[in-house]
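A quick write-up on the structure given underneath.
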């Protein structure tokens, strides 16, 4: 006998409240999905399609890493051979080698969360403004990879095309 069944031995209503409440379906507000648009609301919309999916050609798979992680683990990366130690005490890192699945993603972006104490020369496809600023403040450098340069050129060309279209209107 299950513990719930054992617990309810000798009980008249088995957690049903008054004996009148067990009659019909009125106490529970109807049967099944009755009242979905009237008295039974949910926090989600159960039916239909919502939103949109970006076309496959436009989507980019982006891997991100924070400058703080690069800074904290620079010594470990150098010991593992993923980073190169510079003469002036800094480190040269390629973010693609450090990020998990970095060589399979379209873009590796360095974000600016945290502090940078070491002098880092980081190569990546994209940098946030904060990341670039923090790296340069610490005496390091943010270097765009070949992919990053191509991507920046494409984005600049797209922005120029959009601007031309707006001027024509």
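Backbone N, Cα and C define each Cβ position, glycine as well.
Pulled from TrEMBL, these are the features on record:
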COMPBIAS  1-36  compositional bias 'Basic residues'
COMPBIAS  37-48  compositional bias 'Basic and acidic residues'
COMPBIAS  144-154  compositional bias 'Basic and acidic residues'
COMPBIAS  155-169  compositional bias 'Acidic residues'
DOMAIN    83-142  domain 'Large ribosomal subunit protein uL15/eL18'
REGION    1-58  region 'Disordered'
REGION    133-169  region 'Disordered'
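Confidence annotation: the domain 'Large ribosomal subunit protein uL15/eL18' (83-142) carries a mean pLDDT of 93 in the model. Broken down with DSSP, the compositional bias 'Basic and acidic residues' (37-48) shows 0 helix, 0 strand, 12 coil. DSSP states for the compositional bias 'Basic residues' (1-36), grouped as helix (H, G, I), strand (E, B) and coil, give 12 helix, 0 strand, 24 coil.
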